[in-house]
């Protein structure tokens, strides 16, 4: 039996093989690169050198630089790059630092600038007067506005930002607790309640997400009192509703807070008094109480705007619970100043 070569098709003799073809080499096995301890250390050292160089360029004090971790350093670098992209150094009018400090001192709160996706772009230095944390310390919490808000407020803040983004120029407001320093929490018993009021603005035309920012003024309000705090009873009124939230009774103190006489509110729907932007939040609280069976069931407190008799909006922190054997809903409303 004759055996032919698979390459040149010439017959092969026993114990012989076809000579290799000229000009071509058999493919060699791929080389495998192994990471050694020395190579890994060299890469880490190079990364550390680059991070030290970036840290040295940050416009913050030497003391603050010494306290930065590597992740915190990168967060600050990204924060500065976002600000430089939206506010180029040559686009801003010259202003001395003394003038900026004096203007900030006149504000009732601090300034906050966000990108279209909620990333922090700018926080004014007077944030320390409101939250007890400097801008650098606040960024240690994260690089989005949701990182500095209380977890329960994320959904409401997200909805308000989407609403403002859909209608540029429309002002939106939401109230939330913001994270504070440990010393502040020990002194005041918790985080700081802040009203965030702002709108989306196009910095350059044509407007697009990369050139649009949310500019807001964050104003502190009175601390949220504990529900059982007897020392703050003057700041509240109570209302009783049937299960569809029609008012069937309300305390006389409502006149002081909202301006209505008790008789004017009985028979009205609670929803007729709410700000249109807050009806979804109130409805969620209503559902949470309505789906619970039996007396005593309660929902998480909600911060809502309610129309006063003089047509102004009053901010209330409303706690709702099932009462009257489960046949009624009692709301305790605290006025936020």
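Including glycine, each Cβ sits where the backbone N, Cα and C put it.
Residues or ranges marked as compositional bias 'Basic residues' in TrEMBL: 21-35.
The domain 'BHLH' annotation in TrEMBL covers 31-84.
Feature annotation from TrEMBL assigns domain 'PAS' to 102-168 (among others). Looking at the domain 'PAS' (102-168) alone, the prediction's average pLDDT is 84.
The domain 'PAS' annotation in TrEMBL covers 247-278 (among others). According to DSSP, the secondary structure content of the domain 'PAS' (247-278) in residues is 16 helix, 6 strand, 10 coil.
Summarising the annotation, TrEMBL assigns region 'Disordered' to 14-43.
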